[in-house]
Ligand SMILES: [Zn+2]
């Protein structure tokens, strides 16, 4: 990993699958985590999860006996998808608004990068073969991103950008790419925050500021008005 | 918190306008609106996914612009307010996600409120004395509702609403039939200017004696739409030039007639000599004209807020929350969601019990 480290505390938010919120130190120490696995209801739970995570983070590390003190956040990291649009937007809107309220920068992170980081850090000494993070994209499609281990900044190396594939074609596609399939059903917000911390420390940008929709809006252009008489 | 004149930021994302408003009590400080209407024009109507994407893009710049215009700092706010419904679910959720996060970030109370009641609250920002009870007619591309308001923060009754299309939608659909662009309201208005409103007698929906028991204050525009389509198709078959101006004027007259007749009937029946107009369709000049003329004859005082407060906006949401605060209501809890069919009787959502 690179020599630069960032002194900071990052709030991570992701709603690309369930709803996940975490407060993480830039060295990766998790101060608080709160999540809902429900693939719906993001707008309902996001406020409570944010409030819970901030309250828990204020209590300090487990076992701490000091009086709670609000954490001084330095960044807000937003999971940018891919994911079902309606839910995905709730987290991005929340991240932006939260950052606005505190005058903090927003760090966009591809949600699959966080899942890949979790997989790669689960056993740092394992020599993982090339793998693909695979998430449900609904409408009989999967979203996938292929990764090749960690780079010197401690960030997952993307071998492909996030893309959609019909469910029936996924295994052939991954075989062609030489990637092992890793199905993911939850994006850890702590890994969103950690990826953001590492990106900021390295002066890198992981994603553009816009959501990774991967699909155009579902609309049909109107034809001529329908006849009402025969 | 300043309970007499709370400084409130309101977020409204129920349809295609991203509205951010800031009020201090009953004083309007900013009414910032970003509309995605142009993006919907080529589809001939509001596309929910397009609207929701536009909200996400517009929210942060709109909040920045509103705060700058109001000359306040976010940390000075006494409360945040947001529309919980009714409206497009996916669009509402963008505003709700942002509002909750902003409230938690600033550690400020959050008020989740009803969009329709917000339209009524807009009137308070005109700076004039507002009296209740009043009948309110709210007409837009998303709703057509007739309400009896006895108390803005405590007693709003739904008298009737549209059974099918909203009046604004009817304008859009007829504009398409006549080959006019979206949005239909101003186009029909323009086309109707040279037309005879009595040229064609189009039907007035739910206005028969037999409708009075069940649907006295409800509206229906689908029969009218079909009648206009039939009439134009017949004209085409006859090989005649379509008298667009007469069709537009006669159609508009049918809509206006039924709206104003039912609204004034409600005033008479409930013995309320006040009528408040709200919603984007109030921009229609003929509707305002007929309402003022016939209300004057009926001894009913009409209130029409400035158009910028009639169309969907965040200031009305902030104004409603400010009134809730003034009347001592506690903030909403954080657990609410988007309710696309929120009834008008639920003025505040997720109020603690
Ligand atoms: Zn409205």
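Just so you know, glycine gets a Cβ as well, placed from its N, Cα and C.
What TrEMBL says about this one:
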- B:28-318: domain 'Gcp-like' (DOMAIN)
- B:115, B:119, B:312: Fe cation binding site (BINDING)
- B:138, B:139, B:140, B:141, B:142, B:172, B:185, B:189, B:284: substrate binding site (BINDING)
For each of B:142, B:185, count the other CB atoms within 10 A of its CB; which of these binding-site residues has the top count? B:185
Row residue B:312 (Fe cation binding site), column other C-beta within 10 angstroms, all chains, value 27
At the Cα level, what's the spacing in Å between residue B:284 (substrate binding site) and residue B:312 (Fe cation binding site), rounded? 15
If you check the binding-site residues B:138, B:185, B:284 one by one, which have a CB less than 6 Å away from any atom of ligand 1? none
Reading the DSSP string in three states, the entry for residue B:140 (substrate binding site) is coil
Which chain neighbours of the Fe cation site, leaving out B:115, B:119, B:312, have a Cβ atom within 8 Å of the mean position of the site's Cβ atoms? B:12, B:14, B:83, B:87, B:116, B:118, B:138, B:140, B:142, B:143, B:278, B:279, B:313, B:316, B:317
Between the binding-site residues B:115, B:119, B:312, which lies closest to residue B:185 (substrate binding site), Cα to Cα? B:312
Since the record lists B:115, B:119 as binding-site residues, which of them has the fewest other Cβ atoms within 10 Å of its Cβ? B:115
Checking the binding-site residues B:115, B:119, B:312, which are within 10 Å of residue B:138 (substrate binding site) at the Cα level? B:119
Would you identify which of the binding-site residues B:138, B:140, B:284 has the most other C-beta atoms lying within 10 angstroms of its C-beta? B:138
Coarse DSSP state, helix versus strand versus coil, of residue B:284 (substrate binding site): coil
Which whole-number value in Å describes the distance between the Cα atoms of residue B:312 (Fe cation binding site) and residue B:140 (substrate binding site)? 9
Determine, from DSSP, whether residue B:115 (Fe cation binding site) sits in helix, strand or coil. helix
C-alpha spacing of residue B:142 (substrate binding site) relative to residue B:115 (Fe cation binding site), in angstrom: 11
